[in-house]
Amino acid sequence: MLLDMDLGVLLPSLIPSSQSVYVLVFYFVYLAVAGEILPGKVIRGVLLSDGSQLRYRCNGLLALTLLVAILGICAKLGIVSPLVVADRGLELLSATFIFCVLVTLALYVTGRSSSDKSSSLKPHVSENLVHDWWFGIQLNPQFMSIDLKFFFVRAGMMGWLLINLSILAKSVQDGSLSQSMILYQIFCALYILDYFVHEEYMTSTWDIIAERLGFMLVFGDLLWIPFTFSIQGWWLLHNKVELTVPAIVANCLVFVIGYMVFRGANKQKHIFKKNPKTPIWGKPPVVVGGKLLASGYWGIARHCNYLGDLMLALSFSLPCGISSPVPYFYPIYLLILLIWRERRDEVRCAEKYKEIWAEYLRLVPWRILPYVY
């Protein structure tokens with residue numbers, strides 16, 4: 001979409017209108033209220049260094065289902081257009097960016113002034129303003145009892161689906177709906193819905209338990225996930241791709257295998273953290289030093305979940321064919337990001353586990369892809 005616009009059209013379309021601001025405000029208010037009042041399983045987070053555990057209400061699937069139903073009814077009654085996101089995508093992108101900057105500046109100020117000594121709110125200040133703003137100061141800051149880190153991840157994942165649904169509605173209206181668009185929409189919808197079915201697993205991921213909340217995470221959750229992960233949909237809206245039956249079958253296989261590895265690895269790690277003695281693939285787990293899992297997917301590669309994530313990302317792009325690199329931005333970006341993150345993880349683990357980590361490397365020599373990397 002950006003490539004088809006000249007600068008004279010692009011710049012005005014980036015200026016947020018009052019309607020785009022209203023859409024964003026409604027979205028965040030709805031998520032805040034729904035997250036607090038809708039029923040859902042309450043999960044204890046991992047044990048923090050001070051012995052405390054945060055609680056998370058995992059009602060994202062219900063909140064998402066209700067939101068889509070409300071928007072569907074409103075669209076049927078003519079209250080809101082299903083094309084509002086597709087028609088105002090750039091406005092919403094810029095409005096979201098402005099929000100990310102403002103909220104992270106607020107997080108920086110409140111974090112700097114905090115005297116809280118708990119693990120979740122203790123300020124970590126480096127005296128480098130840019131560093132502290134980018135990486136954050138507090139681990140789990142809250143606003144009106146809402147855990148902001150968990151809230152922003154939820155908002156980004158739901159936003160991705162809402163953007164896709166608006167793109168789908170526009171393709172139907174334009175008469176450009178294709179097999180490729182349907183395949184892309186199905187894969188993304190299954191992935192996002194699966195995320196919310198297993199939302200509790202998010203509470204034990206590195207982002208939640210270790211990364212402080214700064215611009216890097218807020219921007220990544222609220223803008224990067226929904227607006228860049230949907231590039232394939234935007235591209236297919238303007239480019240028709242006809243897929244052969246073998247291509248469709250191969251694409252489905254990449255998605256299914258990627259899903260099995262991604263979900264299987266994350267599930268094994270989550271269960272292990274809750275109960276280290278739970279059998280994996282029918283056998284007692286191999287645990288190094290009583291802390292590091294070396295069984296199941298985690299005995300194949302140290303970051304096997306990243307491999308599954310990369311395969312899923314590739315499956316979202318394959319419906320676009322190979323005529324352009326633009327739809328492959330997401331898997332290419334994700335490859336770079338995960339290798340960078342894997343390197344950071346390994347340095348931290350080496351410092352934390354020392355000789356235990358060395359033994360783990362001996363048992364599991366491959367980082368992401370066995371026999372390759």
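Numbering starts at 1 and runs along the chain as it is shown here.
A Cβ is built for glycine as well, from the same backbone N, Cα and C atoms used for every other residue.
Keep in mind that this is a model prediction, so the values were computed, not measured.
Marked as transmembrane segment by TrEMBL: 20-39 (among others).
Annotated transmembrane segment per TrEMBL: 60-80 (among others), in sequence order. Distant neighbours of the transmembrane segment (60-80): 30-31, 34-35, 38-40, 154, 157-158, 161-162, 165, 193, 195-197, 199; these residues of the same chain sit at least 6 beyond its ends, with a Cβ under 8 Å from one of its Cβ atoms.
Residues or ranges marked as transmembrane segment in TrEMBL: 92-110 (among others). Residues 14-16, 20-21, 23-24, 85, 129, 132-133, 136-138, 141, 148, 213-215, 218-219, 222-223, 227 of the same chain lie 6 or more positions beyond the ends of the transmembrane segment (92-110) yet place their CB under 8 Å from a CB of it.
The transmembrane segment annotation in TrEMBL covers 151-169 (among others).
Residues or ranges marked as transmembrane segment in TrEMBL: 181-197 (among others).
Remote same-chain partners of the transmembrane segment (217-237), defined as residues 6 or more beyond its termini with a Cβ less than 8 Å from a stretch Cβ, comprise 1, 86, 89, 93, 96-97, 99-100, 103-104, 107, 136, 149, 152-153, 155-157, 159-160, 162-164, 167-168, 170-171, 174, 176, 178, 180-181, 184-185, 188, 207, 211, 316-317, 319-320, 324, 326-327, 329-330, 333. Positions annotated as transmembrane segment by TrEMBL: 217-237 (among others).
Look at TrEMBL and you will find 243-262 (among others) tagged as transmembrane segment. Within the same chain, residues 179-180, 183, 187, 190-191, 194, 297, 304-305, 307-312, 314-315, 318-319, 321 sit at least 6 positions outside the transmembrane segment (243-262) and bring their C-beta atoms closer than 8 Å to a C-beta of that stretch.
Sequence annotations record features per position, and here TrEMBL assigns transmembrane segment to 282-300 (among others). Within its own chain, the transmembrane segment (282-300) has Cβ neighbours under 8 Å at 261, 264-265, 268-269, 272, 276, 353, 356-357, 359-360, 363-364, 366, 370, counting only residues six or more beyond its boundaries.
Taken from TrEMBL, the feature transmembrane segment covers 312-340 (among others). Within the chain, the transmembrane segment (312-340) has long-range Cβ neighbours (under 8 A, six or more residues past its boundaries) at 3, 179-181, 183-184, 187-188, 191, 228-229, 231-232, 235-236, 239, 241, 243, 247, 250-252, 254-255, 258-259, 262, 303, 306, 368.
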